């Protein structure tokens, strides 16, 4: 929870500067290949939108920004965009304004950082709800994915409707959340090792940086695929321009 709050504070403080900095932005194309509707979300850029199977959504994000994208499931909203979701809920709003509720599979990004590099990762620190693949238009940059059906394998004590909570979200103890006396020395637990086995390229818990954070020269566009198989070019219905991406 503390990690999510810190992330929100950092991104909110940066937004007002970035919007007027004149830095060229990059595109994030979010595509739903799931056999059901997903309500995509992005903060502090994007907000939220309903994506039926095969639909996609383009969000332009300014250079230098930090943020996250994720998918929500089991949602119901009224005409004013108010309601709730089983996973990834944003305080009952279609147009997200906060970090989103647990559990949710996250794509986290920080653009044009040290030596003009982008930093990006798939995070399961808040748990898992959807399979996710991330492909960059710069083909020299690593495609990352979490394509295991974790929900079907989730330990009973972590299982919720449509998702699998992290141990931190489920138990909220220092050992699982890497807080208090575990802030500087927080080894993996049996639960985080479960997530790591299922998705080796994703953050399995808060201190999983060495094997889970990836870099790419700034300026690359991103494609986020919900429920993609990760091994073929996808087809989607979208009003945006042609694909720049090839999934290896």
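Glycine residues also receive a Cβ, built from the backbone N, Cα and C atoms like all the rest.
These features come from Swiss-Prot:
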- 1-25: signal peptide (SIGNAL)
- 34-227: disulfide bond (DISULFID)
- 75-85: disulfide bond (DISULFID)
- 90-96: disulfide bond (DISULFID)
- 141-216: disulfide bond (DISULFID)
- 146-199: disulfide bond (DISULFID)
- 154-164: disulfide bond (DISULFID)
- 168-177: disulfide bond (DISULFID)
- 178-186: disulfide bond (DISULFID)
- 235: N-linked glycosylation site (CARBOHYD)
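Non-local contacts of residue 227 (disulfide bond) by the CB criterion (under 8 A, 6+ apart in sequence, same chain) comprise 32, 33, 34, 35, 130, 131. Cα distances from residue 75 (disulfide bond) to the disulfide-bonded residues 146, 164, 177, 178, 186 are smallest for 164. Reduced to three states, the DSSP call for residue 216 (disulfide bond) is strand.
Note: the CA-CA distance between residue 168 (disulfide bond) and residue 141 (disulfide bond) rounds to 31 Å.
Every protein chain considered, the tally of other Cβ atoms within 10 Å of the Cβ of residue 199 (disulfide bond) stands at 22. With respect to their backbone Cα atoms, residue 178 (disulfide bond) and residue 164 (disulfide bond) stand 19 Å from each other. Residue 146 (disulfide bond) and residue 216 (disulfide bond) have their C-alpha atoms 19 Å apart, to the nearest angstrom. In the three-state DSSP assignment, the secondary structure recorded for residue 168 (disulfide bond) is helix. Comparing residue 177 (disulfide bond) with residue 186 (disulfide bond), their Cα atoms are 9 Å apart once rounded. Take the Cα of residue 164 (disulfide bond) and measure to each of the disulfide-bonded residues 85, 90, 96: the nearest one is 85.
The two recorded residues, residue 85 (disulfide bond) and residue 216 (disulfide bond), have Cα atoms 33 Å apart. Using a 10 Å Cα-Cα cut-off from residue 90 (disulfide bond), none of the disulfide-bonded residues among 141, 154, 186, 199, 216 qualify. With residue 154 (disulfide bond) as the anchor, the candidate disulfide-bonded residues are 96, 141, 199, and the one with the nearest CA is 199. A Cα-Cα distance of 20 Å separates residue 199 (disulfide bond) from residue 186 (disulfide bond).
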